[in-house]
């Protein structure tokens with residue numbers, strides 16, 4: 001008697017059979033949603049309550065620049081979430097060469113890292129822009145009304161709230177941007193930094209600041225290695241009936 005077992009039914013995708021534990025912004029929809037909403041609401045509050053009331057400025061120009069920055073940030077966010085980060089497929093032939101390439105001393109990096117850096121920097125510029133004009137508007141309002149911050153909290157809470165939120169975002173994004181920019185300058189990954197991989201020894205991938213930045217930002221992207229449409233191949237277990245002993 002021959003027993004055959006099909007471990008993957010026809011039409012089952014490979015990622016369903018071999019789930020990974022990679023966490024990206026696209027795999028965390030709540031984070032993606034909250035990030036997008038916070039950017040759009042910040043733009044809306046800035047446009048309606050701050051930019052239109054600024055004195056001695058061109059409101060149209062101020063609003064136009066803020067909208068351009070918003071579009072750039074959202075586009076970079078979409079690129080970060082839409083492009084796979086370089087997930088390694090489960091393959092015995094590929095896993096041994098995916099992490100390092102000894103022929104040229106370079107590593108395979110996550111494919112969306114440059115877009116992540118672009119998102120951090122553009123979002124930082126966006127919130128700095130909003131924070132600067134918000135502070136200016138608060139200063140104008142305080143001179144006009146003769147009230148302090150408590151008066152601003154009562155008269156225009158949306159402006160004060162946006163200013164505080166932008167200030168917090170600047171510190172958060174600024175810290176991330178500085179951290180990842182420093183890693184880019186020395187050609188080191190966040191995982192290597194966390195593990196102190198090259199503590200006490202030179203980094204073999206450090207080619208100098210200019211070369212490191214060029215490799216991260218301008219080198220061709222590694223090939224796309226993940227096929228989400230691939231179907232899992234069925235595995236057959238064949239058991240031959242053994243004759244009785246004795």
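For all residues, glycine too, the Cβ spot is worked out from N, Cα and C.
Under the heading domain 'Palmitoyltransferase DHHC', TrEMBL lists 110-196. Among the features that TrEMBL reports, transmembrane segment is placed at 31-51, 63-83, 115-139, 159-179.
As a summary of secondary structure, the domain 'Palmitoyltransferase DHHC' (110-196) carries 75 helix, 0 strand, 12 coil according to DSSP.
For the domain 'Palmitoyltransferase DHHC' (110-196), the model gives a mean pLDDT of 86. Below 8 angstroms of C-beta separation, residues 38, 42, 45-46, 49-50, 117, 120-121, 123-124, 127-128, 130-131, 134-135, 137-138, 141, 149, 152-153, 190 of the same chain, each at least six residues beyond the ends of the transmembrane segment (159-179), sit close to that stretch.
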